[in-house]
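Undergrad: Below is the structure I would like to discuss, written out as structure tokens.
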Amino acid sequence: IDCMKISLASCRYFAIIKGPKVIVGSCYEIADIQHMNFVKESSKPDFENQTMVTMVDSSREEQAMRQGLPRRHVMSNKNVSANSVPYDSDILTDGIQGYKQVTQSSVAHSLKNFINKTLVPLVFVTCIPNLVIVMWYTVIHCDGSYLKMLSVFSEHSIIAGLGEMWRHVHYPSAAIIATLVIYCIYALLMMKFLPGAAVLGPVTPKGNTPIYKDNGFLHFVVTLTLFLGLTLLLRPYGISPSIIYDKFDEVLFTLNAFSLLFCVFLYFKGKLCPSSSDSGSSGNLIFDYYWGMELYPRVFGIDIKVFTNCRFGMTVWALLVCVNAIKSYELYGFVDSMFVSAFLQLLYITKFFWWESGYLQTIDIILDRAGFYICWGCLVYIPGMYASVSFYLVSHPVSLGPVLSVLTLCLGALSIYINFAVDNQKQEVRAADGSCLVWGRKPDIIRAKYILENGDIRESILIASGWWGLSRHFHYVPEIMLAFFWSLPAMFNDLMPYSYLIFLLILLTHRSYRDDSKCGHKYGTFWHEYCKKVPHRIIPFLF
């Protein structure tokens, strides 16, 4: 036992050899030495049946897993413990004769590695930036109809069709460039100088603890107040923020170009002068550009991911909703459909910034590195996709009537409340170390031990009651319902205003698998126990 206590600090996986049997598992399962019930005391050595523990140093494998790369398997014979962690197994392994041998061959491994590390990132980097242009073109030049947009591709090839769409995009004017540059400078200054309490993020795999200034809500309130004030102040001079709607193609062009170059900067920054030890290269240039080199890059004290995700992505989403609402008012006066959609979006974003310190502990921040995947998404995809409903409603006003308007507002507001209540419940239970009541009862919790890469043993609380007893990711349900309610005012003439809802369904489903995999590797048998108590992934009793 003493030998194992010492050795656990430098390993990630263990193999127990007991006679002819080999048991393989993760050290996360035995982080608490008291749980090692497979070790038995003996008055004298029994070399025939002696239990020996072989330690495997797999820090590189663990790092690869966090980068989204395949990790080497710890091989054993067929007598494997029921407690070993099965997260690297394939769902088809036991269902098709010979499948395991084929998929674990060197050729299959090389092919999978090529697809995951090179082909998919290359397709995303080269193709996805066109998506926001396609959506803009659909609304402006195809009357919001995807069917009309697809006719462009039927008349041309895919590449020629994209070229036709890009020909309608104007080069950015000086006014658009100046507006974006001024806002970025403003946001950076507000991040630096607005007051806020210091909050700690989760401990990283390398043992680092990021520190943030919790001034996101104040930044959001100040920004919207200034926007409203400038709008009223400049209106007598014929200057309106609706110019952003009129020149939105220039905005998307500028953001696309800047983001691609910004990710190049992040690559070299992470390669030459990383901000912390939570960094490193996969050895593949394309994958490093796509996924990122650093988990928490900072420049002059500015946290890059807080800027891209929160101060730009989420704040600009709110500003674009306001811009589109103003444009709609200038064209038609008050339109209840625009009001309902805009109000629900702004209420949700307000909730986001009120809860920003909680967001800094989500998978976006603690797992995703600062590369094309997260930074381009926040700088370009959020402005282009997330605000698409209000962008569509400018040219497609709908009269809902008072009953449907009030009903949609109430159901949307209820979704926001539930979404906040779910996240807040977890924070309160963890802050009270489980010594509190959940829905009037003592919470059912699991104290899950896990080990950092430096060997430190930590503990986290997994909640299996309240909202978190309904499903492991129940907070996704009200978020999906909310997206439906703020898209509903566009009614059902076109599919386009439901683009964000469709994207969200795909994103959150995929994220639930990613998060379960991350927690499975991190907590081991503790996560197995939690999944037995909370068997449903997102929708209670269904999925």
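Yeah, the Cβs are placed from backbone N, Cα and C, and that goes for glycine too.
These came from TrEMBL, pasted as-is:
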- 119-140: transmembrane segment (TRANSMEM)
- 174-195: transmembrane segment (TRANSMEM)
- 216-239: transmembrane segment (TRANSMEM)
- 251-268: transmembrane segment (TRANSMEM)
- 306-326: transmembrane segment (TRANSMEM)
- 332-349: transmembrane segment (TRANSMEM)
- 370-394: transmembrane segment (TRANSMEM)
- 400-420: transmembrane segment (TRANSMEM)
Undergrad: For the transmembrane segment (216-239), which recorded stretch in the set 119-140, 174-195, 306-326, 370-394 gives the largest number of Cβ pairs separated by under 8 Å?
TA: 306-326
Undergrad: Considering only Cβ pairs under 8 Å, which range in 174-195, 251-268, 400-420 makes the most contacts with the transmembrane segment (370-394)?
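TA: By the under-8 Å Cβ criterion, the transmembrane segment (370-394) pairs most with 251-268.
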Undergrad: Among 119-140, 251-268, 306-326, point out the range having the most Cβ pairs under 8 angstroms from the transmembrane segment (174-195).
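TA: It is 306-326 that shares the most Cβ pairs under 8 Å with the transmembrane segment (174-195).
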Undergrad: What else in the chain is close to the transmembrane segment (306-326), if you only count residues 6 or more beyond its ends and a Cβ gap under 8 Å?
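TA: Distal contacts: 183-184, 187-188, 190-191, 212, 216, 219-220, 223-224, 227-228, 231, 240-242, 244-245, 338-339, 342, 345-346, 349, 352-353, 356, 359-360, 364-365, 370, 374-375, 377-379, 382-383, 386-387, 390-391, 393-394.
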